[in-house]
């Protein structure tokens, strides 16, 4: 006897010969199922010996569900199943829909990462003409003159670009700009030097 699946006492119906690992058949419905984690509980309402009162909780893992595609159960979905008593409580071994057919499953799916957009990355373009629909080896234009990657001018390359020189580099600014220390308060920074 133990507690499982929301505080319900779990006790398996007596098995033949006192073997706690004996496989039993049951029917019931899905109490709850976490589609993201892939497990839940089935309420056992009927077994080999007839109705079960009060219903017992049976643990179910998605790998035990008989169905195509993404395996899950919908809350309240009727199921037939085989189960056994384990050291942790009752566990489903094989779960089907009523009459042995496939489980219907939940329409819910676990949330994944943001959907991937089907577009080419910004840098994936033709080096010859700049077109986005092909690469340089498929370019129909004759070889074009080399041009600056920053401003697209054919008169110079990026290393000599006058437009790029006008924009201050953020890394140089951060390294060369030291805020002034007010002289009204003493400096309390201790600099520790360690031998290299």
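Note: Cβ is positioned from N, Cα and C throughout, glycine not excepted.
Unlike curated records, TrEMBL annotations are generated automatically.
Per TrEMBL, region 'Disordered' is recorded for 1-23 (among others).
Among the features that TrEMBL reports, domain 'CSD' is placed at 25-97.
The feature region 'Disordered' is assigned by TrEMBL to 95-117 (among others).
Among the features that TrEMBL reports, domain 'CCHC-type' is placed at 125-140. Shown for the domain 'CCHC-type' (125-140): DSSP residue counts in helix, strand and coil, namely 3 helix, 0 strand, 13 coil.
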Looking only at residues six or more beyond either end of the domain 'CCHC-type' (125-140), which have a C-beta under 8 A from one in the stretch?
152
Report the DSSP secondary-structure composition of the domain 'CSD' (25-97) as helix, strand and coil residue counts.
3 helix, 49 strand, 21 coil
